[in-house]
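Worksheet: one structure, shown below.
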Amino acid sequence: MALHDMEDFTFDGTKRLSVNYVKGILQPTDTCDIWDKIWNFQAKPDDLLISTYPKAGTTWTQEIVELIQNEGDVEKSKRAPTHQRFPFLEMKIPSLGSGLEQAHAMPSPRILKTHLPFHLLPPSLLEKNCKIIYVARNPKDNMVSYYHFQRMNKALPAPGTWEEYFETFLAGKVCWGSWHEHVKGWWEAKDKHRILYLFYEDMKKNPKHEIQKLAEFIGKKLDDKVLDKIVHYTSFDVMKQNPMANYSSIPAEIMDHSISPFMRKGAVGDWKKHFTVAQNERFDEDYKKKMTDTRLTFHFQF
């Protein structure tokens, strides 16, 4: 779809945005069309960036980080929906606008969001020595969550059947590319830059400990009472009911929650309800090959 067609694009509940490649990574066409602007994004030293592979706990981490910065003031986080509070750097969606424009209009300090692999990160974020939080999730649960997200999100390609999507994901032919390369790229970068690398499974198992770790990285000293408050307000059940965090304000023509809610399970080990024995064996074999060159390890269940 050409750029002039995209400008006239309107969601009607059936159409989906087209995709293309940027430096070998699949992206929505609108992102490809403004790639030079994204690459040349000018960061500020006090910008805080939250980076994840899609469906690895991004929204959860955003809410936690903002509550840490606001020292547990829940009302401040209710001022606007998630997508308005945290500019999504590389995203441009008809009717919702551009993350770049949002970021430019936002006063400092800004909390920014990206799903970009490390090698495609706008250089100024590293040049300005910005603090970056990366969250990684085990690939089996990540795949399941991404599959259901693509079912309901018309801004991304239709995923096809679960069997088809399983193959697409393994091949890395999804938006934002290969999960394996994404988590490894950020892992390799973490000791060279101001990057705090967290795991979704650790956040589920011991949220208070991980929130404390985040607070220390951000530079906030929070007492136990505030930490407990943040744990409560960022729990899955509370966030699922929070209209400022559950994406229910996005028009149904773009995100159809009747197909699958944005916040579906938020669990560790849900993949076991989707993977067949044969798929699991195939996945494990593929995982072993692709992860031999890293010490990065994941928990697939508790």
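Including glycine, each Cβ sits where the backbone N, Cα and C put it.
Database features (Swiss-Prot):
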- H115: active site, proton acceptor (ACT_SITE)
- 55-60, R137, S145, Y200, 234-239, 262-266: 3'-phosphoadenylyl sulfate binding site (BINDING)
- K113, T114, H115: substrate binding site (BINDING)
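Annotated features, which come from Swiss-Prot, shown on the structure.
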residue	record	Cβ neighbours (10 Å)
K55	3'-phosphoadenylyl sulfate binding site	22
T58	3'-phosphoadenylyl sulfate binding site	21
K113	substrate binding site	23
T114	substrate binding site	25
H115	active site, proton acceptor	23
R137	3'-phosphoadenylyl sulfate binding site	28
T234	3'-phosphoadenylyl sulfate binding site	25
D237	3'-phosphoadenylyl sulfate binding site	10
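Report note: the substrate site is defined by K113, T114, H115, and the residues of the same chain whose CB lies within 8 Å of the CB centroid of those residues, excluding them, are L49, I50, S51, T52, T58, F88, L89, E90, M91, L112, L116. Checked against T234 (3'-phosphoadenylyl sulfate binding site), the recorded positions K113, T114, H115 differ in C-alpha distance, with K113 being the nearest.
The two recorded residues, T58 (3'-phosphoadenylyl sulfate binding site) and K113 (substrate binding site), show a Cα separation of 8 Å. A straight line from the CA of K113 (substrate binding site) to the CA of D237 (3'-phosphoadenylyl sulfate binding site) spans 23 Å. Among the binding-site residues listed here, namely K55, R137, D237, K55 has its C-alpha nearest to that of T114 (substrate binding site). Secondary structure at T234 (3'-phosphoadenylyl sulfate binding site), taken from DSSP and collapsed to helix, strand or coil, is coil.
Comparing D237 (3'-phosphoadenylyl sulfate binding site) with H115 (active site, proton acceptor), their Cα atoms are 24 Å apart once rounded. Rounded to the nearest whole angstrom, the C-alpha distance between the residue listed as 'active site, proton acceptor' and K55 (3'-phosphoadenylyl sulfate binding site) is 9. DSSP classifies R137 (3'-phosphoadenylyl sulfate binding site) as coil under the three-state reduction.
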